[in-house]
Amino acid sequence: MEEGRFLQWGVFRSLLAILQWWGFNVTVIIMNKWIFQKLDFKFPLSVSCVHFICSSIGAYLTIKSFTPATTVFLQCLVWRKYFDRRIWASLVPIVGGILLTSVTELSFNMLGFCAALFGCLATSTKTILAESLLHGYKFDSINTVYYMAPFATMILGVPALLLEGNGVMDWFHAHPAPWAALIIIFSSGVLAFCLNFSIFYVIHSTTAVTFNVAGNLKVAVAVLISWLIFRNPISGLNAVGCGITLLGCTFYGYVRHMLSQQTPGTPRTPRTPRKKMELLPLVNNEKLDDKV
């Protein structure tokens, strides 16, 4: 009885974490779009990147839809993880459905293709490493953000100063009383922190694969909501893709639930290690032996 209640609470916590992540994700996107439109930002790097991404958004979404499969493939190839064949089977409609959902007028561009492919691999690697910290080293979400944020700031800070420093100074000169705008920008930063925290909380509550599957599901749900509320036109092919993605995600959730109820010793998709020898390969076994 207690084990069943614990399992139900785990499912509820995972769903709540995913909904929280979706909420922060949508809020940050809307707020940043509003900031660029209303506060008259004209930084060269930001504008050019936005223009480049938007010009090849169909190809970007198409390649990004492979992230769940890429995550599973990398974990099998590099980290020697076992995944049940039903997990592999569930990824087919999830990836295929988003392909149909995002296919519009695709114009191939080699630079855009390489950038989107690198983004797909980077996203998969990031979620796998985050899962290693959260499940292998027993980090919590706030500690993961604490250790990753300074490195992300250093990586982005130098090119931002070099490429957008003049744009920032010009903006300050054009706005002699920028305090209201700075408060809005600071609020956007707080929301971005909450978004990063929610991402790691989802990975901590589930797995890297489930996180990326939820990302594909988010695209399908966003397309359906935009059609239901804003009546944005979608083609029949896109609608079929949304339906296939929803069915695939439902099947994936069912498979995860069935695997979680298997007895110990049965091959299953790794989540929380059952004993120290089953920890992720990134964990140093010698350190573990010293702790025992």
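Even glycines carry a Cβ here, placed using N, Cα and C.
Remember, TrEMBL labels are computer predictions, not curated facts.
Residues or ranges marked as domain 'Sugar phosphate transporter' in TrEMBL: 62-252. Positions annotated as transmembrane segment by TrEMBL: 12-31, 43-63, 87-104, 110-133, 145-163, 179-202, 209-230, 236-255.
Confidence for the domain 'Sugar phosphate transporter' (62-252), expressed as mean pLDDT, is 82.
Counting residues 6+ beyond its ends, the transmembrane segment (236-255) has Cβ neighbours under 8 Å at 84, 86-87, 89-104, 210, 213-214, 216-217, 219-220, 223-224, 227 in the same chain.
Counting Cβ pairs closer than 8 Å to the transmembrane segment (179-202), the top stretch among 12-31, 87-104, 145-163, 209-230 is 12-31.
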